[in-house]
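Have a look at the structure below, then the notes.
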Amino acid sequence: MFINLNPLEQFSVYSATSAILGSSSNSLAITSLTNIAILFIIGLLVLTIFQISASSHLIKPTRWNIVLETWVASILGIVKDQIGNDAKNSLIYFPLIFTFFSFVFISNILGMIPYSFTPTSHISVTLGLSIAIMIGVTLIGFSKHQLDFFSLFVPKGTPLALVPLLVLIEFISYSARAFSLALRLTANVSAGHCLFGVISMLSVSACMAVSSILLKGITIGLPLAVLVVLYGLELLVALLQSYVFTLLTCSYLADIVNMGDH
């Protein structure tokens, strides 16, 4: 007996109130208890990775230690390249950047498990991260530069008559960073998963539509080979999107931290 399981079900959001009360009416939440639990588990994994990498002092490191050290060194390299080689800034902002990279990467990897939930495929998760980043960046700007922070919206040498227009344009551009950061991650993660789902469902439908054993083997084997290749590409995309998210976050921080140097 064939059980119809929709691979795109991982993109569905069920409210916490309907999960508890068994009713979809008068919903007070948009994120299910399962999704909250997964986000909590990801947070614990990030903390565990950071703790292990920080407390490892083995004379002969294991393979796991080497992977973690490479992970940490790579993120630290991104921070230094974008924000600067100043040791103080690197130590201040590295834990934040490392946490964001680890959270996004682990979320993407967990989404590669069939029928699992992919947090970064939901705009509510990525937009929450990006808005928090931009609020934090803005607060850092005010803390470091006080009122000079507003000079970010007025390029040097701007004619006085063009100041109001350029301030408006720069402010919109600055505010749009949060939305572009969130949409870029969500769109790229969702696209690959949707392609997986479409190919899987078409393969199952084609297999059920034919009666020949040979044709059934072809309709299953060929899409399966394509899915294996796509799976490898999606693993690369998961890493690449984590890197892009981290790189852009560092870039936004660098604009604020090094504002007085330009």
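First residue shown is number 1, and so on along the chain.
Each residue, glycine too, has its Cβ placed from N, Cα and C.
Since we're looking at a predicted model, the values are computed, not measured.
Annotation source Swiss-Prot lists transmembrane segment at 30-50 (among others).
Sequence annotations record features per position, and here Swiss-Prot assigns transmembrane segment to 64-84 (among others).
Remote same-chain residues near the transmembrane segment (91-111) are listed as 10, 38, 42-43, 45-46, 49-50, 71-72, 75-76, 78-79, 83, 117-121, 125, 129, 133, 136, 185, 189, 193, 235, 237-239, 241-243, 245-246, 249-250, 253, 257 (criterion: CB distance under 8 Å, separation of at least six residues from the stretch ends). Taken from Swiss-Prot, the feature transmembrane segment applies to 91-111 (among others).
Among the features that Swiss-Prot reports, transmembrane segment is placed at 123-143 (among others), with the record citing sequence analysis.
Here Swiss-Prot flags 149-169 (among others) as transmembrane segment.
Positions annotated as transmembrane segment by Swiss-Prot: 195-215 (among others).
If you look up Swiss-Prot, you'll see 220-240 (among others) marked as transmembrane segment, on the strength of sequence analysis.
Packing against the transmembrane segment (149-169) from elsewhere in the chain are residues 138, 141-142, 255-256, 259: each is 6 or more residues past its ends and has a CB under 8 Å from a CB in it.
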